[in-house]
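Trainee: In case it helps, Swiss-Prot gives these features for our protein:
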TOPO_DOM  23-166  topological domain 'Extracellular'
CARBOHYD  N70  N-linked glycosylation site
CARBOHYD  N94  N-linked glycosylation site
CARBOHYD  N154  N-linked glycosylation site
TRANSMEM  167-187  transmembrane segment
BINDING   V250, G251, K252, G253, R254, F255, A256, E257, V258, K277  ATP binding site
MOD_RES   S409  phosphoserine
MOD_RES   S548  phosphoserine
MOD_RES   S553  phosphoserine
Amino acid sequence: MGRGLLRGLWPLHIVLWTRIASTIPPHVQKSVNNDMIVTDNNGAVKFPQLCKFCDVRFSTCDNQKSCMSNCSITSICEKPQEVCVAVWRKNDENITLETVCHDPKLPYHDFILEDAASPKCIMKEKKKPGETFFMCSCSSDECNDNIIFSEEYNTSNPDLLLVIFQVTGISLLPPLGVAISVIIIFYCYRVNRQQKLSSTWETGKTRKLMEFSEHCAIILEDDRSDISSTCANNINHNTELLPIELDTLVGKGRFAEVYKAKLKQNTSEQFETVAVKIFPYEEYASWKTEKDIFSDINLKHENILQFLTAEERKTELGKQYWLITAFHAKGNLQEYLTRHVISWEDLRKLGSSLARGIAHLHSDHTPCGRPKMPIVHRDLKSSNILVKNDLTCCLCDFGLSLRLDPTLSVDDLANSGQVGTARYMAPEVLESRMNLENVESFKQTDVYSMALVLWEMTSRCNAVGEVKDYEPPFGSKVREHPCVESMKDNVLRDRGRPEIPSFWLNHQGIQMVCETLTECWDHDPEARLTAQCVAERFSELEHLDRLSGRSCSEEKIPEDGSLNTTK
C-alpha cells in the first residue's frame, strides 16, 4: 500500500509531472537520488510513471470487452522503470481487480510482464489453478485505468476493424467536407484581412504600445493607486510580448515565483512597476486556472488583485507561463502583520476590505447588477492577501479557485479534491464531508478561512492592549507547516479554535469583531455568516465611528455593542 510516492492526497492537476526528454544540468544531477534517475537508449531522462494504484479491490467488471478500474487513487511509481499493471481474478466467490506499479524485469504473480511496452492495458489470460486469471501491463500514464479484454480491441481481428473503419469513414465524409470548406473560406478571409492590415500594424505598433502604457499607468510609490482600472482583466492576444524587465524576486509559492518587474514605455527610460507571477512548464494547469479566473471581466473589484495580461514565454530554461498584475509594495498581509502593529482604524479597514473582496468573489452579480459566475477561492490565508497603499486588502493567488458553474454535476464537484492549506482548512474539508448538493457549502469553507485571517489581524491590533509577536492561527498548538492529520486532531477531535483572550473584549469594537469571527468559524457550516453579512457588519462599525467623530477610541461604539445585521 505504501509503494506510491503520492496516494490521492491531491487531485492530479495539482501534482502534474512533466515528461522531460532533455539533459539535466550536471549540478542538478548530483543532487538527485540515483534511484530516481533512469535514462533510455538515447540518453534522455526517464521519469516515474503515473498509474492507478488501488491494490486489490472487489470489482463488478466482467471479462467481456473492456471496463474501467474505478480506482480513484493515482500514484507516481516509486522507480522510473516501473510500469502500470492490472490483474483481474475470478473464483467461485468473487471478482477482484488489482492496480499497481511494478518493475517489468521482475515476475509478478509468477508471470513475466510481456507487454510492458504497450500503451494500452490489454488483458491476457494466464493459467492459475482454481480461478480465472487475467493480467496486463502498459507504459503510458494511467493506462491501467481502462482494461481491455476483447480481441475486438486488438489488431488481431482485422476483418472487424476493416468494417469499423469503412462505416466510420462513410459516416464522417459529409461533415468532413463541410469542415474543410469552412476552413478554406476562413483562411481566405484571414489572408485577405491580414494583407489590408499589415501596413497599418507596422506603422502603428509604437503608437499602440504608447496607448497601452498610458492606459495602464502604474503610479510609482504613490498612495493613490497601484494600477489603472482600465487595463484590468485583459489577455494579451498579440504575438508581440510586452517589454518587461524582471527586477527582484519578492515571493515564492508551491506553483510559481513572483517578481517585481519594470514595464518599459517605448524607447524612453520611463517604466511602470508591475508584478510578474512565473509558472514553470509543469505547472501549466495552475497557470491556466488562474488565467481563466482573471479573464472574467466581471471579477474586477477594488479588493481583488488587478490583472494586466497573461503570456506564454520561451526562455533559456524552457517554456514559462506569466501572469502580469499590479504590484503592491507593502507585500502580503502575513508579512505586513509580522512587521507592523495595527490600530483599530487599520483593523476595521483591513477587515472590511477583506470581507468585501470575498463577498464579491462569492456573489452571482456585480455591484452594477450584471450576472456574474460565483467563485470560491479555496486557499484563503494571510499570505494570499495583499495590502494596498491605502491599507485595504486585495485577494490574490487563484490557482486553486473554483467557478461555481450551475452546469457542474455532483461528480464534477467531488472531483475538485481536498485542496487548500491544512492550517486554514474548514472542519468539513479536513473530514472530506462537504455537502456537494449545495454549492453554498464551498463558500462556507472560505468564510471559515476568513475568520482565521480576521483573528490574525485582531491579534496585532493595539486597541486590545498588550500586543504579542505575530503568530499564525493555532501557532502554539501545531508545527510550522502542519499536515491534515495534525489539524484534524485540533479542529475535529478537540474542537479547537485560536484563543480569544478575555482582555480583547474590553474594547467594544474588538468585541464585535470577535463575535463575528466566532460565528464565521462555527463547526456547523450552515451556521456561519456569509461574507456579505461580515462586510455589512464592518460597514456599520465604520458608520458608528464616523458618528462619534473619533477614530481610535472604544467610546465610538455603543455601550450595548449591538449591530442590526442578518446572515
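Placement of Cβ uses the backbone N, Cα and C atoms for every residue, glycine included.
Tell me what's around each of these sites.
Mentor: Averaged over the topological domain 'Extracellular' (23-166), the predicted model reaches a pLDDT of 80.
Proximity of N70 (N-linked glycosylation site) to non-local residues of its own chain (separation of 6 or more, Cβ distance below 8 Å) is seen for S59, given in sequence order.
Within its own chain, N94 (N-linked glycosylation site) has F58 as residues 6 or more apart in sequence whose C-beta sits under 8 angstroms from its own. DSSP assigns N94 (N-linked glycosylation site) to coil in the three-state reduction, placing it in neither a helix nor a strand.
DSSP assigns K252 (ATP binding site) to a strand in the three-state reduction.
Long-range Cβ contacts of S409 (phosphoserine) within its own chain (separation 6+, distance under 8 Å) are none. In the three-state DSSP classification, S409 (phosphoserine) falls within coil.
Counting Cβ atoms from all protein chains shown, S548 (phosphoserine) has 14 others lying within 10 Å of its own Cβ.
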Trainee: Could you tally the C-beta atoms, other than its own, that fall within 10 angstroms of the C-beta of V250 (ATP binding site)?
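Mentor: Neighbour count, Cβ to Cβ under the 10 Å cut-off: 18.
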Trainee: What does DSSP call V258 (ATP binding site) in the simple three-state scheme?
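Mentor: Assignment for V258 (ATP binding site) reads strand.
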Trainee: Among the binding-site residues A256, V258, whose Cβ has the fewest other Cβ atoms within 10 Å?
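Mentor: With the binding-site residues A256, V258, fewest surrounding Cβ atoms within 10 Å: V258.
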Trainee: Compute the C-alpha separation of S548 (phosphoserine) from A256 (ATP binding site), stating it in Å without decimals.
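Mentor: Distance (Cα to Cα, whole Å): 46 Å.
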Trainee: Please give the maximum pairwise Cα distance, in Å and rounded to a whole number, for the ATP-binding set V250, G251, K252, G253, R254, F255, A256, E257, V258, K277.
Mentor: 14
